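Here is the structure we will look at, set down as structure tokens.
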Amino acid sequence: MASSPTPGNNRPVRGKAEPMPRPSVLKDGSLEAIAEFITEGKAKNIIVMSGAGISTAAGIPDFRSPGTGLYDALGKYNLPYPEAVFDISFFKDTPSPFYRLAKELYPGNFRPTLTHYFLPLLAKKNLLLRSYTQNIDMLERLTGIDEELLVEAHGSFATSKCIKCSLRSESDHVKKHIMNDQIPYCVKCGGLVKPEITFFGEDLPLRFGKLAQVDFKKCDLLIVLGTSLQVEPFNRLITRVPAKCPRLLINRDRAGEEMRMGFDFDDKWKHSVKRDALFLGNCDEGVRKLAQLCGWEDELQALYDDGHAQMKLAEEMEALALSENDKAKSTDDNKETLEDPEAKEELKVKDTKEAHIDTIKDELEDIISKFETAAVISSTTATVEKTVDGEGEVVTETSVETDVVLLSKA
Ligand code: OAD
């Protein structure tokens, strides 16, 4: 009986008969082959693994690209070595470089790229088993994807806790400190409060280990995007898919070839079947081409356009609310003092609140007309916060939150 083909018994041997062709799950190592695999319905549980390269088009530098990567730009922080900025032992003694960097990287100023929107597209088609990202920028979340489908393997800025007593801190409180160049300390024990980003020397989030154990066995197509695959244990995930599971890398540079069971783009007979594909170039370009080959390009573009229009609208609304807030505040400051300070405060709050909502309703029409898609306000609510300054004077801040739902104009 003929033995099944293995790397050992099929290697070309000089002077002997031609070797049997090695079994392959892909016609070749191209994007076209991956698209064919998808459109033939062979991929139903796709896992996407990503790194900083998917966010460079959003304006966030990656870590290791020579010249442009963060680790080359950290000279101003006088670090013993660049990764020290994310090293927990170093951080405990010298926390300020991390907080300075966190101020630059803090989520809020960046928008998801076309590549990020490939995730909700796969989810919409019921093909996404999970997205595993090393990124801490939270841009995946901003695409509106169901968060159950996301694993932020290196944590994120979403939550913060004390490194001594683990007490959680309000993320707004931590953000305020970081933005004002202050170090946030724990209100309970005085320890350093750190966003729950996984530093070198720390365990990855429990969710990572728990889900990876189950997901990777089920994976039938692995898509790896924008990562140098240099950081463990994340990089080892590419070896945990079944032996016949095709794997695609879209990246500017080759990566993941050195490790055991790593990628075998050049057919070096590392695996029993040929299954690895490579697109060398920018993520947005590779992802767009893949979507195009699958017949999904328009849908991908629409998700991106609608997502960005929605964010632009929300930003304009927020700016409007802030400027109205400033106006209302200065009007209030000029008001005569009432005899009863409590009553004065009540009145001020009520006036401000109503002024905001009215102004927003009036000016919204104008903003909406700028968009190709139509917008509908689902609710407009005002929240009022009272704060007391150092001299015991009550200062009232009003912020307006608006939920906007965008509908396609069709
Ligand atoms: P790296 O900076 O190590 O690798 C980014 C990869 O993306 C490189 O291979 C780049 O060539 C490639 N790249 C950059 N822009 C691209 C683009 N537009 N299109 C395609 N490829 C592009 O970043 P990661 O692999 O994500 O840890 O780094 C992994 C971890 O190392 C990070 O999570 C971080 C860091 O220390 C922590 O923050 C804890």
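Quick reminder: no glycine exception, Cβ is built from N, Cα and C everywhere.
Here is what TrEMBL says about this protein:
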type	residues	note
REGION	1-24	region 'Disordered'
DOMAIN	24-297	domain 'Deacetylase sirtuin-type'
BINDING	52-56, 62-64, 134-137, 227-228, 251-253, Cys283	NAD(+) binding site
BINDING	Cys162, Cys165, Cys186, Cys189	Zn(2+) binding site
REGION	323-348	region 'Disordered'
COMPBIAS	324-338	compositional bias 'Basic and acidic residues'
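Shown on the structure are the features that TrEMBL records.
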| residue | record | Cβ contacts under 8 Å, 6 or more apart |
| --- | --- | --- |
| Ala52 | NAD(+) binding site | Ile60, Pro61, Asp62, Phe63, Gln134, Asn135, Gly226, Thr227 |
| Ser55 | NAD(+) binding site | Asp62, Phe110, Thr113, His116, Asn135, Asp137, Leu139, Gly226 |
| Cys162 | Zn(2+) binding site | Ser169, Cys186, Lys188, Cys189, Gly191, Leu192, Val193, Lys194 |
| Cys165 | Zn(2+) binding site | Cys186, Lys188, Cys189, Gly191 |
| Arg252 | NAD(+) binding site | Gly53, Ser65, Gly226, Leu280, Gly281, Asn282 |
Considering the binding-site residues Asn135, Thr227, which residue's Cβ sits among the greatest number of other Cβ atoms within 10 Å? Thr227
Less than 6 Å between Cβ and the nearest atom of ligand 1 is the rule; apply it to the binding-site residues Phe63, Cys165, Cys189. Phe63
Which listed residue (Cys186, Cys189) has most other Cβ within 10 Å, given these are binding-site residues: Cys186
Cβ atoms near Phe63 (NAD(+) binding site) (within 10 Å, other residues, all chains): 21
Where Ala52 (NAD(+) binding site) sits in the secondary structure, as DSSP reduces it to three classes: helix
Cβ-based neighbourhood (8 Å from the centroid) of the Zn(2+) site, residues Cys162, Cys165, Cys186, Cys189 excluded: Ile163, Lys164, Ser166, Leu167, Val187, Lys188, Gly190, Gly191, Val193
